[in-house]
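J.: Okay, here's the structure, questions in a sec.
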Amino acid sequence: RCADGAALRWCITGALCASFLGLGMSVAVLGPTFPNLAANVGANVSDMYYIFVGRSLGFLGGSVVGGVLFDCMNATLLLALSMLGTTAGLYVIPWCKESLLLTVLMSVIGGSMGILDTGANVLTLNTWGSESGPHMQALHFSFAAGAFLAPILAKMPLGASESDELAGAEKTNQSVLKSVPTASAASTTPALKDHHDGDFLWSYIIIGTYILFTSIFLFALYSKSSSARDKSKATAQKGRLAKHHWSLVGLLFIFFLFYVGAEVTYGSYVFTYAMVFAEMTEGEAAALNSVFWGAFAMCRGVAILGAAFLSPATMIVTSLVCSAASSSALAFLAHYRALLWTGTAVYGASMATVFPSGVSWIEQYTVVEGKTASMFVVGGALGEMCIPAVVGYLQGKFHHFPVVTYATFVTSIMTVLLFPVMHKLANVPQENDLKEVSDSETRKALLTNSRLTEDEEDEEDAREWNDADFEVIEMNDKQQNSLMDTSCRIPEDSPAEVSLQPHLDDVLDDPPVVADGSPGRQNGNVDWEKSD
């Protein structure tokens with residue numbers, strides 16, 4: 001049974017990592033295929049912002065709803081259903097011709113992503129408990145790997161033959177010309193040939209099929225797992241709530257808001273910053289952007305091994321120190337080209353481990369259920385929505401001021417100040433802990449007193465035995481001395497020799513000795529006389 005349980009836990013972890021790989025691909029595939037979606041609905045790229053809003057709102061709603069549902073039903077089943085919804089959305093999106101329907105589909109996919117993001121973190125904690133550190137890092141590394149693979153997959157030559165692509169382009173031209181009468185065939189045909197090829201369609205189909213197989217595997221795991229066991233485990237853990245549980249959750253909500261907002265803000269604006277303020281070429285700016293995300297993904301991979309040896313608090317403190325140092329260099333010393341490259345790499349690496357380490361850290365002090373995990377995901381999602389928007393607005397107001405680098409510095413300082421407060425609040429002892437400590441101290445005191453009493457009694461008994469031994473020794477010495485004195489006072493030819501002899505015989509148990517030294521001579525003479 002132990003072997004089966006261990007195998008089931010590893011299967012659940014593998015399925016969750018595979019799900020997060022698909023989640024990363026689903027999120028990142030939108031960027032490279034954005035012009036294709038705009039061409040499908042006959043709109044300009046600049047007018048397609050609403051699909052991002054729809055996906056973000058769906059993600060927030062999915063996180064909240066998922067947090068409630070995970071406390072009511074089997075987590076594996078809910079994840080399988082959410083992955084199935086993501087598959088359906090990815091299959092339909094390439095064929096969508098209406099902007100409103102496209103927005104609805106993006107909201108559905110965003111809701112499924114929110115459920116998956118919340119549930120995978122909770123299920124990893126429930127599966128591994130205090131050993132969840134490396135598995136949590138592997139989970140979020142899978143997301144980064146998926147985000148890295150999606151743009152490559154979207155641009156690979158996976159479509160049909162060239163004649164089929166041209167036929168599809170001509171058919172699309174007719175639909176676009178009907179919806180946009182002012183456009184000419186000569187102007188639309190080259191653009192659609194560049195952006196509406198088979199690669200766009202096949203990238204969504206391949207990612208959707210991959211997520212479908214992952215969903216089927218989760219359904220298979222659901223048949224092996226037991227919802228009653230999960231509920232009993234959650235019920236048993238409810239007694240471990242921290243004294244300031246919701247205050248701690250609220251602070252971590254703000255912490256993740258600043259952290260995720262800073263990560264997305266710098267990753268989104270570093271290209272523009274490099275070209276405008278650092279005066280780099282387009283190729284250099286793209287390389288700087290790749291350095292940030294490359295260091296981010298690489299550090300998440302290394303953190304899988306690091307989490308096996310380091311505590312979550314140690315990893316968070318290390319990341320925060322590196323984040324503060326690198327953001328300071330970016331804010332005040334970025335005019336040095338070497339520090340700009342180094343600071344970008346270190347800042348990307350320091351951002352990699354904070355979220356998974358934060359979830360593992362709070363699990364050591366309180367119970368992380370569905371509603372609790374949804375707070376963390378919602379905090380990160382709000383930071384991803386709000387902070388880049390605020391930075392973009394301020395950058396539009398202050399054209400000659402590098403708002404993005406100062407925003408990274410401010411958010412880093414906020415996270416550095418928040419974590420000690422959270423750590424202090426998490427270590428506040430509960431009333432039950434104080435009572436147990438006082439009881440244990442009382443027991444220790446009683447045991448110490450009883451041991452002291454026993455030691456004192458043993459010492460007193462030892463002293464009494466020693467005194468008794470000394471008295472016996474003194475009595476023997478006195479008796480021996482008195483006998484020696486008595487024997488010295490008796491002369492050789494004393495008349496009392498015969499009268500004293502029986503007493504000496506009783507004491508020394510020796511035969512009587514007469515003057516000539518022959519034992520028993522006097523008694524022998526008496527016997528002979530009687531016989532005569």
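Cβ coordinates come from backbone N, Cα and C, glycine included.
Residues annotated as compositional bias 'Acidic residues' in TrEMBL: 454-464. Look at TrEMBL and you will find 436-464, 481-532 tagged as region 'Disordered'. Per TrEMBL, transmembrane segment is recorded for 7-29, 49-70, 77-94, 100-125, 137-154, 201-222, 248-271, 344-362, 374-394, 400-421.
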J.: Using a Cβ cut-off under 8 Å, which residues of the same chain at least 6 positions beyond either end of the transmembrane segment (201-222) come close to it?
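T.: Non-local partners: 8, 11-12, 15, 18-19, 22, 25-26, 29, 32-33, 74, 76-77, 79-81, 83-84, 86-87, 90-91, 93-94, 150, 153-154, 156, 158-159.
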J.: Between the transmembrane segment (7-29) and the stretches 100-125, 248-271, 344-362, 400-421, work out which stretch tops the count of Cβ pairs under 8 Å.
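T.: It is 100-125 that shares the most Cβ pairs under 8 Å with the transmembrane segment (7-29).
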J.: Any chance you could find the range in 77-94, 100-125, 344-362, 374-394, 400-421 with the most Cβ pairs under 8 Å to the transmembrane segment (137-154)?
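T.: Result: 344-362.
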J.: Using Cβ atoms only, state whether the transmembrane segment (374-394) and the transmembrane segment (100-125) have three or more pairs under 8 Å that are 6 or more apart in sequence.
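T.: Since 3 or more Cβ pairs under 8 Å link them, the transmembrane segment (374-394) and the transmembrane segment (100-125) do come into contact.
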J.: With Cβ distances under 8 Å as the criterion, find the stretch in 77-94, 248-271, 344-362, 400-421 that has the most pairs with the transmembrane segment (100-125).
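T.: Most contacts with the transmembrane segment (100-125): 77-94.
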J.: Within the same chain, where does the transmembrane segment (77-94) have neighbours whose Cβ lies under 8 angstroms from its own Cβ atoms, ignoring anything closer than 6 residues to its ends? I mean 6 or more beyond.
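T.: That would be 16, 19, 22-23, 26, 36-37, 40, 62, 66, 69-70, 102, 105-106, 108-109, 111-113, 115-116, 119-120, 123, 200-201, 204-205, 207-209, 211-212, 214-216, 218-219, 222, 227.
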J.: Hey, which bits of the same chain come close to the transmembrane segment (344-362), Cβ under 8 Å, at least six residues off its ends?
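T.: Contacts with the transmembrane segment (344-362): 121, 125, 132-133, 136-137, 139-140, 144, 248-249, 252, 255-256, 259-260, 262-263, 266-267, 270, 288, 291-300, 303, 306-307, 312-313, 315-316, 319-320, 322-323, 325-327, 330, 368, 373, 376, 380, 408, 415, 426.
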